[in-house]
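Heads up: the structure comes next, in structure tokens.
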Protein chains: 4
Amino acid sequence: MKKIGVLTSGGDAPGMNAAIRAVVRKCIYHNVEVYGIKNGYQGLIEGNIEKMEIGSVGDIIQRGGTKLYSARCEEFKTDAGQNKGIEQLNKFGIEGLVVIGGDGSFRGAQKLTAKGYPCIGVPGTIDNDIPGTDFTIGFDTALNTIIEAIDKIRDTATSHERTYVIEVMGRNAGDLALWAGLADGAESILIPEQPDDFQDVIERLKRGHERGKKHSIIILAEGVGSGIDYGKKIQEATDLETRVTVLGHIQRGGSPTANDRVLASRLGAKAVDLLLAGKAGRMVGIENNKLVDHDIDTILTVEHTIDEEMYQLSKELSI
Amino acid sequence: MKKIGVLTSGGDAPGMNAAIRAVVRKCIYHNVEVYGIKNGYQGLIEGNIEKMEIGSVGDIIQRGGTKLYSARCEEFKTDAGQNKGIEQLNKFGIEGLVVIGGDGSFRGAQKLTAKGYPCIGVPGTIDNDIPGTDFTIGFDTALNTIIEAIDKIRDTATSHERTYVIEVMGRNAGDLALWAGLADGAESILIPEQPDDFQDVIERLKRGHERGKKHSIIILAEGVGSGIDYGKKIQEATDLETRVTVLGHIQRGGSPTANDRVLASRLGAKAVDLLLAGKAGRMVGIENNKLVDHDIDTILTVEHTIDEEMYQLSKELSI
Amino acid sequence: MKKIGVLTSGGDAPGMNAAIRAVVRKCIYHNVEVYGIKNGYQGLIEGNIEKMEIGSVGDIIQRGGTKLYSARCEEFKTDAGQNKGIEQLNKFGIEGLVVIGGDGSFRGAQKLTAKGYPCIGVPGTIDNDIPGTDFTIGFDTALNTIIEAIDKIRDTATSHERTYVIEVMGRNAGDLALWAGLADGAESILIPEQPDDFQDVIERLKRGHERGKKHSIIILAEGVGSGIDYGKKIQEATDLETRVTVLGHIQRGGSPTANDRVLASRLGAKAVDLLLAGKAGRMVGIENNKLVDHDIDTILTVEHTIDEEMYQLSKELSI
Amino acid sequence: MKKIGVLTSGGDAPGMNAAIRAVVRKCIYHNVEVYGIKNGYQGLIEGNIEKMEIGSVGDIIQRGGTKLYSARCEEFKTDAGQNKGIEQLNKFGIEGLVVIGGDGSFRGAQKLTAKGYPCIGVPGTIDNDIPGTDFTIGFDTALNTIIEAIDKIRDTATSHERTYVIEVMGRNAGDLALWAGLADGAESILIPEQPDDFQDVIERLKRGHERGKKHSIIILAEGVGSGIDYGKKIQEATDLETRVTVLGHIQRGGSPTANDRVLASRLGAKAVDLLLAGKAGRMVGIENNKLVDHDIDTILTVEHTIDEEMYQLSKELSI
């Protein structure tokens with residue numbers, strides 16, 4: 001394989017730049033040419049493709065977002081769209097493709113691979129909702145962004161004796177909420193993977209209040225529902241002053257943490273290794289601190305789960 | 001004067017702890033006893049009062065929130081409430097009071113002073129809406145919290161070509177929005193002090209989009225209206241993908257910036273100086289980098305204004 | 001077991017407070033009384049011991065340092081010192097002890113256990129140099145502190161075309177240097193576990209310089225030697241302007257990252273579980289994302305190693 | 001004036017990019033062409049000059065360092081060097097120059113102006129050592145970097161009962177040390193502008209220690225001498241465990257604070273206004289929150305002073 005392409009697709013995640021950098025540098029290390037495709041599959045269809053050099057990835061390892069931009073692309077879900085993409089790849093002589101993104105992005109990679117075009121997926125999403133890897137690129141950064149925000153809210157919560165409901169991202173996954181809740185000592189953590197026992201939430205709040213607790217924090221995963229609605233329910237049920245913060249898009253940005261930079265570097269480099277070894281249709285991941293790879297077909301059918309023991313611990317520590 | 005009291009009242013602001021620390025240490029420096037009153041005027045009425053020592057303010061200069069807690073107190077707006085407060089102060093032998101807070105808090109100080117009980121106000125609020133001081137304690141920290149959040153949003157905005165509307169705090173004042181907009185190169189800044197020319201906002205967005213701009217950021221002061229509503233209007237008028245973030249209570253917390261710590265230390269110490277010099281009913285402030293003090297009566301009647309030149313500059317730089 | 005004690009010992013690490021909090025809350029959850037011992041083994045000998053309640057660990061999960069303080073204690077290395085410690089524990093009726101610290105601290109726990117007093121070790125040190133756990137409490141925070149510092153230095157390095165040598169902590173272990181180097185794209189990483197090929201370092205620098213690279217960063221683990229000396233050698237050998245920064249004690253402090261808070265919470269709670277299950281002389285750890293425990297005797301004889309694959313990757317990506 | 005040039009020179013400072021951005025956008029706002037000169041006066045001599053557009057300054061307002069790079073240049077101190085610079089400016093048709101930097105940089109601007117070539121200086125240096133402006137671009141960011149570092153050190157200092165000596169930048173000026181010391185509640189602040197009463201420092205340390213203080217922090221401006229030497233003297237005189245941290249180059253980098261971005265934007269825009277108004281040989285500054293300009297000749301002869309009242313306050317609050 002003499003030419004490899006790389007693109008980012010779907011929602012952006014901090015660390016994507018570090019993954020791009022690793023793909024580029026690993027290729028150059030192996031004397032393989034490397035091409036950046038801009039705006040994800042949209043740019044692939046349009047031939048928005050440029051050769052990358054070492055200098056192209058200078059000073060980006062620490063940047064949030066993605067230097068190659070990202071976009072959602074309906075056309076690429078069609079057979080015709082995929083064929084246009086392969087045409088462009090052939091035109092540039094690109095023989096293999098690294099796709100950095102989430103499950104939607106992997107579906108595209110799966111389709112290209114099925115058409116005989118070798119792709120490797122790199123899991124990049126803050127939601128940590130991809131099976132086959134313990135962590136996705138961006139999760140650790142988003143998590144730290146969340147706890148820094150909660151730390152700030154806690155200052156004012158303490159000053160005023162209030163209940164705060166904080167809605168965090170994660171799509172259908174509760175990982176961000178669960179980890180953030182444990183890391184910030186939340187009273188209650190509401191995630192899609194666990195039934196919401198409203199009565200239990202209310203009793204914890206009341207118990208804390210009676211014990212003289214100055215503030216209470218409830219973390220709600222967006223997959224469970226609207227933080228604003230939940231806050232109203234809480235206020236009605238407890239009569240405690242309740243404020244809601246929807247953290248929103250600050251969770252997708254920021255300079256990646258060390259963990260995300262290292263993970264992205266390892267996964268990006270591994271993706272190149274797989275392509276050079278003639279592999280296709282695989283997703284790289286990290287499991288038990290070791291680099292692994294799985295069939296994308298399998299990944300897309302497995303369901304995401306949370307760590308039950310951590311959820312249980314969160315209950316025990318928030319007495 | 002041998003005994004001085006200190007309380008924080010109203011919305012908390014980063015730097016209030018540094019101000020408390022300065023009051024306590026300045027008193028001790030002058031061999032004056034100092035008493036902390038918890039939960040603002042509510043605690044004053046209830047006699048929730050404790051003697052403070054140097055150790056009471058150890059390790060708090062860098063903490064957000066207020067160690068003395070804050071609360072709103074309806075009862076203190078009444079004559080009876082104020083008399084109860086004075087009773088408590090007399091009981092403890094406290095001869096003067098430092099009130100750290102916003103305009104609501106100063107009204108209480110004004111009432112006490114009118115009843116012959118000497119108070120000095122220290123302006124602590126993130127909104128920067130107090131006349132008689134160029135900056136209030138907490139403004140600089142909130143401003144930096146805002147721009148860090150916008151920097152993060154910008155990462156993801158750049159990756160996806162979107163318009164972001166960001167609603168920031170400030171009550172009826174536009175200072176946080178104006179400074180944040182200038183500091184983050186926002187396309188448009190909407191503040192209560194200036195008419196909102198919607199057509200101009202739309203045209204800037206379109207112009208930027210045509211020029212190939214990857215993202216646009218609009219800062220909206222809460223005093224202007226709801227960010228969520230505004231985002232809808234923008235999306236309808238431009239057909240550009242528009243997302244809204246309401247920054248919420250993260251803006252009130254966090255470790256204070258150097259500026260806020262220094263300002264709080266200077267103002268807190270100055271308040272003690274004034275009490276010891278026999279002054280009453282004054283608010284300390286900083287104007288032109290110099291410590292000043294004004295009559296609280298005057299402060300409460302003057303209207304807050306923004307820096308017109310900075311607003312004009314924001315227009316010129318966001319072409 | 002009805003009463004459990006907890007202490008922190010050795011160099012402090014961010015996350016120790018979260019571990020203390022988990023020990024306290026897990027005990028209370030199980031209706032076990034819990035006692036905090038201040039200043040490590042020194043306080044144990046002196047009986048500097050206090051009962052802890054839920055409120056004792058309020059608002060500390062996000063704080064660096066250790067609320068129980070730490071100290072080195074020569075006396076506790078002696079038989080007599082250990083006996084004094086057991087006497088104090090007996091006096092308070094404390095039946096088991098959780099020791100949060102590094103290998104030096106575990107030696108104390110080992111001695112107490114050998115004398116029939118059950119101890120469990122929790123690995124808390126920024127150095128990540130404890131076998132039997134993939135990560136120690138504090139490592140992730142220190143690592144992020146380092147990369148934030150390097151990100152800042154990189155700004156000025158880029159502006160001026162310089163070589164920077166940055167000395168990081170880690171005692172005899174190279175983990176902080178290796179991870180930081182990978183996370184920040186350092187040109188060369190010098191760690192005690194790998195031979196230092198000075199000629200290779202020089203050639204990388206020259207190669208980068210010829211390619212027009214604006215700056216080069218070399219990370220040196222303190223276990224390798226003095227950064228200041230190394231900087232001089234580099235400057236002499238390359239004639240490139242070289243600056244040295246010894247990051248120093250900023251690496252030990254700061255609010256713990258989400259990862260460190262979660263890890264500390266899990267390990268602290270697990271230590272209580274082990275004591276309640278009648279275990280003694282064990283160290284808890286995390287391996288492959290799962291909680292484990294090992295015999296302290298074994299831990300103290302195994303040698304720490306680094307991840308060879310990551311070291312190799314760092315070479316390939318820094319071409 | 002139809003074409004304006006801009007360069008950064010001397011030590012870089014956070015906010016220089018925001019100043020460049022303001023110069024470029026203000027020029028374009030007034031339909032003036034604007035040229036970026038790379039590597040300071042060195043690039044001017046070499047003709048390393050490029051036309052800048054709005055897109056050239058996209059996404060830089062929040063970046064540390066300087067996009068135009070900086071360099072020291074011996075040749076430009078000579079008459080011949082200055083003439084070469086003017087030749088290049090004439091070649092490109094550039095009629096006026098904005099010089100962002102410190103006093104060394106202004107000497108160059110002064111020379112060019114004396115030869116009939118209009119220059120305006122913008123004060124950019126973390127040291128805050130330029131007369132004629134209350135604050136220089138970069139000071140606020142460096143100050144906040146310092147206090148964040150000290151906050152971290154304080155965590156570990158508290159845990160271990162130690163004295164820390166922290167050496168901060170500032171060249172011959174004590175502003176960074178004084179403000180940081182006030183903002184972090186340092187026991188003693190040593191600056192070049194004030195005599196160093198060693199005995200007083202020692203007595204404060206001992207007094208604090210006797211009072212049970214867990215840690216003491218001494219801030220030393222680099223202009224006073226070596227932190228490492230000072231630490232040794234302290235340790236010998238007090239017998240308290242003393243550690244030294246030399247903060248080094250982390251102080252020059254980092255994303256600029258809101259204050260620095262706003263200040264840089266205002267000063268950069270004002271410089272363009274002055275050139276367009278036919279002014280030359282002036283330095284823009286901010287005094288009493290208002291934009292001002294002074295003759296560079298005057299600025300270079302006035303001595304920098306510190307705020308005596310703040311120094312006195314630091315003594316009173318660190319009892």
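Quick reminder: no glycine exception, Cβ is built from N, Cα and C everywhere.
TrEMBL does not curate its annotations; it predicts them automatically.
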ATP site partner of A:Arg72, A:Cys73, A:Gly102, A:Asp103, A:Gly104, A:Ser105 (as recorded in TrEMBL), chosen from A:Gly11, A:Gly15, A:Gly36, A:Gly170: A:Gly11
For the ADP site, TrEMBL lists A:Arg21, A:Ala22, A:Val23, A:Val24, A:Arg25, A:Gly185, A:Ala186, A:Glu187, A:Arg211, A:Lys213, A:Lys214, A:His215; sort out which one of A:Arg154, A:Arg243, A:Arg252 goes with them. A:Arg154
Going by TrEMBL, A:Thr125, A:Ile126, A:Asp127, A:Arg162, A:Met169, A:Gly170, A:Arg171, A:Arg243, A:His249, A:Ile250, A:Gln251, A:Arg252 bind substrate; tell me which of A:Glu148, A:Glu193, A:Glu222 is listed for that site too. A:Glu222
For A:Cys73 (ATP binding site), the one of A:Arg21, A:Asp127, A:Met169, A:Gly185, A:His215 that lies nearest, given that the recorded positions are compared by Cα: A:Asp127
A:Val23, A:Cys73, A:Met169, A:Ile250 as binding-site residues, winner by CB count within 10 A: A:Val23
When you rank A:Gly102, A:Asp103, A:Met169 by Cα distance to A:Lys213 (ADP binding site), which of the binding-site residues ends up on top as the closest? A:Met169
Which of the binding-site residues A:Arg21, A:Asp103, A:Ser105, A:Ile250 sit near chain B? With a CB under 8 A, the answer is A:Ile250
Sort A:Cys73 (ATP binding site) into helix, strand or coil using the DSSP assignment. coil
For the recorded ATP site formed by A:Gly11, A:Arg72, A:Cys73, A:Gly102, A:Asp103, A:Gly104, A:Ser105, which further same-chain residues have Cβ atoms within 8 Å of the site's Cβ center? A:Ser9, A:Gly10, A:Gly40, A:Gly101, A:Arg107, A:Gly108
Can you tell me which of the binding-site residues A:Gly104, A:Met169, A:Arg252 is spatially closest to A:Arg21 (ADP binding site)? Compare CA atoms only. A:Arg252
Nearest-integer angstrom distance between the alpha carbons (Cα) of A:Gly102 (ATP binding site) and A:Thr125 (substrate binding site): 6
If we take A:Arg25, A:Asp103, A:Gly185 as the binding-site residues, which have a Cβ under 8 Å from chain C? A:Arg25, A:Gly185
Model confidence over the domain 'Phosphofructokinase' (A:3-275) (mean pLDDT, whole number): 95
Taking the Cβ of A:Arg72 (ATP binding site) as the reference point, list residues of the same chain whose Cβ is under 8 angstroms away and which are at least six residues distant in sequence. A:Gly10, A:Gly40, A:Gln42, A:Gly104
